[in-house]
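Database features (TrEMBL):
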SIGNAL    1-22  signal peptide
DOMAIN    34-117  domain 'Inhibitor I9'
DOMAIN    143-550  domain 'Peptidase S8/S53'
ACT_SITE  D152  active site, charge relay system
ACT_SITE  H206  active site, charge relay system
DOMAIN    363-440  domain 'PA'
ACT_SITE  S513  active site, charge relay system
DOMAIN    626-723  domain 'Subtilisin-like protease fibronectin type-III'
Amino acid sequence: MALPKRFLSLLVCLFASLPLSCLHVHGSDELKAFIVHVKRPENLSFSVAEQWAGWYSSLLSLASLEANATDFARSRVIHSYRHVATGFSALLTEREVEAMSKLGWFLHAYPSPVYHLMTTHSPKFLGLRRRIGNGVWSATNRGEGVIVGILDTGVTPGHPSFDDHGLPPPPAKWKGRCDLNASACNNKLIGARGRPTDTPIDDEGHGTHTASTAAGAFVKHADVNGNARGVAAGVAPRAHIAVYKVCSETGCAGYDILAAMDAAVDDGVDVLSLSLGGGSVPFHSDPVALAGFEAINRGVFVSCSAGNSGPDPYTVTNTAPWLLTVGASTMDRSFLGTVKLGDGQEWEGASLYPPRNFDAKMLPLVYAAGLNDSLNGVDVRGKIVLCDRGDNSRLEKAEVVKSAGGAGVILVNTPEDAYSTVADPLVLPASNVPYVVGLKIKAYINSTSAPEASLVFNGTVMHTPHSPSMASFSSRGPSQITPGILKPDITGPGVSILAAWTMQKFNMISGTSMSCPHLSGIAALIRKANPDWSPAAIKSAIMTTAYVTDNSRGPILDERHLPADFFAIGAGHVNPPKAIDPGLVYDLTPQDYIPYLCGLYESYLVEVIVGRPVDCSSPKSIREGELNYPSISLTLPANNLKSVRYRRTVTNVGEPTSTYRVKLDVPQEVSATVTPTRLSFDELNQKQSFSISFRRNGGGSGAVQGQLLWVSTKHVVRSPISIRLE
C-alpha cells in the first residue's frame with residue numbers, strides 16, 4: 001500500500017544519519033539504545049522495508065508529541081524490524097520511553113542488551129568420515145543445498161575454508177545479499193552482511209572460525225604450530241554459508257542481533273548459529289529468544305552457545321526451549337606439554353607450543369603469586385614462571401612473563417577448573433596443569449633453595465582416555481528463567497578446536513562458541529536427510545540419540561573427574577550417525593509453546609514473543625514439565641507424597657511398522673510409572689502418547705537423575721530425567 005505523504009516526510013527526518021555515540025539530549029536525560037515492540041497492524045500490509053520504516057516513523061512522531069520533545073523527531077533510529085519482531089531500535093531517553101508506553105500501539109521496550117562471544121579432528125570424532133558408503137556424510141551429501149547462517153564477528157573472504165570448488169549455486173529460495181566485493185562471495189560463502197557502520201570483514205577471527213567449523217570446505221595441510229596436522233573440514237562441508245556481522249571488540253549489541261536474525265529468516269537460511277550469549281533475562285526482553293521464536297515458526301533451526309561461565313550452577317544462557325542450548329566438552333585428542341621438575345617428578349599439562357622448537361633444559365623455577373598485569377618485582381629473567389589462572393586471561397599472563405624476560409610459564413588451574421586444562425597458542429613456551437599438579441609443584445618449590453624445571457612438548461596425542469569429558473568453563477544449569485526445562489540440551493566438541501582464522505590460516509581455540517557451530521552443522525546434515533522435519537523434531541533427534549559414556553566405558557566426567565550431571569551435559573554428547581535416524585521424535589509446533597509461555601508471563605508479554613495477540617485466559621497455561629520436550633525435569637517437594645504426572649507424545653519417523661517397549665531408570669528416592677509400557681506403530685508419522693508419573697519414596701534432598709528409554713529392535717530413544725528433591 002502507498003504511504004501518506006506525512007509518513008514519508010517523517011521518514012526523511014527520522015532516518016537521516018546520526019552517530020550512535022551521541023550521549024545526551026534534553027539536558028541531563030541520557031540517550032540509551034532501546035528495543036521497542038509495537039502491536040502489529042491488522043489492516044496494514046507493507047511489502048517493503050521502507051514502508052515499515054515509515055510507519056515506525058509515524059509512531060515515533062506521535063510519541064514525540066506525547067513527550068513534548070521538540071527534537072525527538074531527529075534521527076535516532078538504529079534498525080526497524082519486520083520479520084522476527086514488529087518494532088524498532090532507537091536511541092531514546094527514559095522519559096521518551098515512558099511517554100511511548102501510554103500510547104495504544106506500544107507493547108514493550110527494554111534497553112538493548114550486550115552479548116559476548118563464547119569463545120581437523122572433530123568431524124572424525126563425531127563419526128563423520130570421507131569414505132564412500134552408508135555414513136552420515138554419504139547419506140546427507142555433506143549438507144549440500146542447506147544454508148547455515150552465522151551471526152558473529154564477520155568472515156574472512158578468500159580463505160580456503162570458503163572455497164566453492166564443486167559446489168552448486170544456492171537454492172532458488174535464497175534472496176540474501178553480499179556486502180563484499182563481487183568476487184568475494186561464491187557458491188560456498190553465498191551471503192555476507194555487515195553492521196550499519198561496518199563491513200562484513202572479520203577483524204577478530206572468531207566469526208571466521210565458527211563459520212568454518214559449521215560448514216567449512218576441506219582444506220589439506222592444516223595445523224597450528226605444527227600440532228593437529230591433517231585435513232580441516234566443517235561438519236557440513238557442502239552446505240552454504242551466510243554470514244551476518246553483529247559483533248565487534250566491544251561486544252554484540254542486541255539490536256544488531258535482532259536485525260541480523262530479521263534479515264536471515266527473510267534471506268532463506270535453514271539453520272542459524274549464534275556463538276554468543278548474555279545474562280539471564282526474561283524471554284520477552286531477550287532478542288535471541290524473541291527472534292528465535294519467529295525463526296522456528298518459519299522452519300529455521302536455531303543453535304546457541306550455553307555460555308562460558310561454568311562450572312557454577314545457574315549460569316547457562318540462551319535457555320528458551322525453542323533454542324538448542326549447547327555445552328562444551330573435549331575430544332579424544334590432546335596436546336601435551338610435560339613439566340619436569342628438578343627432583344625427577346614429571347607432570348602432564350596442555351600446550352600448543354611447537355613440539356620441536358624448544359630446548360628442554362632445566363631452568364630456574366619461580367612462583368609468581370597473584371600474577372595479573374605485573375610481576376610485583378619478581379625477577380623472572382631466564383626462568384620458568386609458575387602462576388595461577390584467574391583474574392586476567394592466560395594470554396595476558398604469558399605476555400607479562402615474556403615482556404619481563406621469562407623463558408616459559410606454567411599455568412595452574414584454579415580449584416574450580418580442577419583437571420580441565422586448555423591448550424592455548426601463547427607467546428612463549430607454556431603448559432596448563434591441573435590444580436592438584438600445581439599444589440605438588442608449589443610443594444617442590446618450597447622444599448628446595450634452588451628449584452628448577454624444564455618443559456617438554458609432546459605435540460598431538462590421540463586416543464586420550466576418558467573422552468569426551470566436560471570442560472570446566474561450560475555453563476551449567478538449572479536455567480534461571482525456566483528451571484523446569486533441563487538446560488543445556490546437549491554437549492559437543494568445544495575444547496582445542498582447529499578452524500579457519502583471520503590473521504593466520506588456522507587457529508585453535510576453546511569455548512561453547514566452538515561447540516555451538518558443531519551442532520549447527522549437525523542440524524544442517526539432519527535437515528538435508530529429513531527436509532520435512534520441524535526444528536523441534538531435529539532438536540529431539542539430537543537429544544534422544546546422545547550418549548552419556550566415554551571411551552573408557554564409564555560415565556562422561558566433569559572437571560573434577562566425577563560423573564557429570566545433566567546440568568552439565570544435558571541429554572549427553574551428540575551422536576550424528578544416530579541423530580539422522582532417531583526412530584521417534586518429540587515434536588512441537590510454535591503454537592504448543594503458548595500455554596507454556598502463558599504460565600510464565602502476562603498476555604501482552606506473550607504477544608511480544610509470539611508476534612500476535614494472545615489471551616492467556618483462553619488457552620489453559622501449563623507447567624514447564626508439561627511441554628512435549630525430549631527431556632524431563634521436575635521438583636518433588638518434601639512431605640508431599642502426591643504424584644506428579646506428565647504426558648508426552650512421540651512421532652514415528654523410523655520403520656513404518658515398529659514396536660517400542662519402555663525401560664525406566666530412576667533413583668531409589670523416587671518411584672515412577674509409565675502408561676502404556678508399549679507403543680506400536682503401523683505407519684510413518686503416526687503419533688502415540690504416554691504418561692509418566694513420579695512420586696517420592698520418603699527422605700532425601702538435592703538433585704537426582706534417571707532416564708526413560710523407548711527401545712525397539714533398531715532404536716533406543718532416550719530422555720534424561722532430572723529431579724530436584726526439596
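Easy rule for this one: first residue shown is 1, then count along the chain.
Cβ coordinates are placed from backbone N, Cα and C, and glycine is handled just like the others.
Recorded residues H206 (active site, charge relay system) and S513 (active site, charge relay system) have their alpha carbons 9 Å apart, per Cα-Cα distance. Taking the Cα atom of each, S513 (active site, charge relay system) and D152 (active site, charge relay system) are about 10 angstrom apart. Around the Cβ of D152 (active site, charge relay system), the same chain contributes L117, D202, H206, G207, T210, A211, V243, Y244, K245, V246, C247, S275, L276, each under 8 angstroms and 6 or more positions distant in sequence.
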